[in-house]
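Undergrad: Have a look at this one before I ask anything.
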Amino acid sequence: MVSTLRTVLGDVLPEQLGVCDAHDHLFLSTPLLPGQGLRDAAAARAELAAFRAQGGGGVMQWTPYGLGRRAADLPALARESGVHVVAATGLHQAGHYGEGTLERLRGRLAEVFVAELTEGIGASGVRAGFVKVAAGFHALDAHARWTMAAAAEAHHATGAPVAVHLELGTGALDVLDLLCGELGMPPDRVILGHLNRSPDFVVHHQAAEAGAYLAFDGPSRAHHATDWRMPNAVRALAEAGFTDRLLLGGDTTTAGARSVSGGPGMPYLLRRVRPRLEMAVGVQVVERMLTENPARAFSVEWH
Ligand SMILES: [Zn+2]
């Protein structure tokens, strides 16, 4: 069996990915960010081009079901920019949805995830490459347990990795207890997001030791209070031997945060975060975080 990354243009070998933004958004619309949605395909195209100009080769788009993924637009954007784009299935926290949407998914959530991974998102024919779900602040509510159970089921059916939004970076160990302890997922198929938002180096160490991937994503956006601690958090993990567990992402979530709107956007990851991290852990470690690690974390022996 060959491991591949399931991009919006089809499956590719992991070594084709290149320098990867392991957590970002080209499109995202949620009632929690009214009027700030990422909806404009021309802006997404320009953002990808700016990322490409900084040496970017791949983007993992963590926008899940029902939040304006615009899956049908993704193949053209990937083709025109020359950047590999991987789309997600999955479900965010309940607050991002109207009750009607969630009711329609009761009893068939895993089925929807599997269909989007294997057949396509809606009528687009574009397949998702991973499952994105979300935890709560230091806790897992009934919605999080429901979506994670479906995500684990979809993993077991397809091999797809599961990427988790940690609320303000908390709850990592509860998520691993549920997905790996109760639901039988291998830890190296779990990608924890937003570790930078809760700089508890002991919890980081425990999550890495358990075998999960840790994504440090979202520099200089809405959650900037801990940005300055990120290089030291990454260095502590690298020095403890967990270099191969580390991922980097930009997590652009509003139109105003795109570089083409005057925000940091996707290129910032390569333009400013990369050289800053190189000062903390060296060029080779950062290179692995941007290439080998995301290629390994998101590639799958699909079944
Ligand atoms: Zn995100």
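Placement of Cβ uses the backbone N, Cα and C atoms for every residue, glycine included.
What you see is a predicted model, and the numbers here were worked out from it, not measured in a lab.
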Undergrad: Looking at TrEMBL, LYS132, HIS194 are annotated for Zn(2+) 2. Which of HIS155, HIS156, HIS165 sits in that same site?
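TA: Checking HIS155, HIS156, HIS165 against TrEMBL: the Zn(2+) 2 site match is HIS165.
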Undergrad: Around the Zn(2+) 2 site recorded as LYS132, HIS165, HIS194, what other same-chain residues have a C-beta within 8 angstroms of the site's C-beta center?
TA: HIS23, TRP62, HIS92, VAL133, ALA134, ALA163, VAL164, LEU166, GLY193
Undergrad: Taking DSSP three-state, what's LYS132 (Zn(2+) 1 binding site) in: helix, strand or coil?
TA: strand
Undergrad: Around HIS194 (Zn(2+) 2 binding site), how many other C-beta atoms are within 10 angstroms of its C-beta?
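TA: A count of 27.
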Undergrad: Identify, in sequence order, the residues in the chain of HIS165 (Zn(2+) 2 binding site) that are 6 or more apart from it along the sequence and have a CB within less than 8 Å of its CB; answer 'none' if there are none.
TA: TRP62, HIS92, GLN93, LYS132, VAL133, ALA134, ALA135, GLY193, HIS194
Undergrad: Beyond HIS23, HIS25, LYS132, ASP251, what residues of that chain have CB atoms within 8 A of the centre of the Zn(2+) 1 site's CB atoms?
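TA: What remains near the Cβ centre is ASP24, MET60, GLN61, TRP62, THR63, ALA163, HIS165, GLY193, ASP217, GLY249, THR253.
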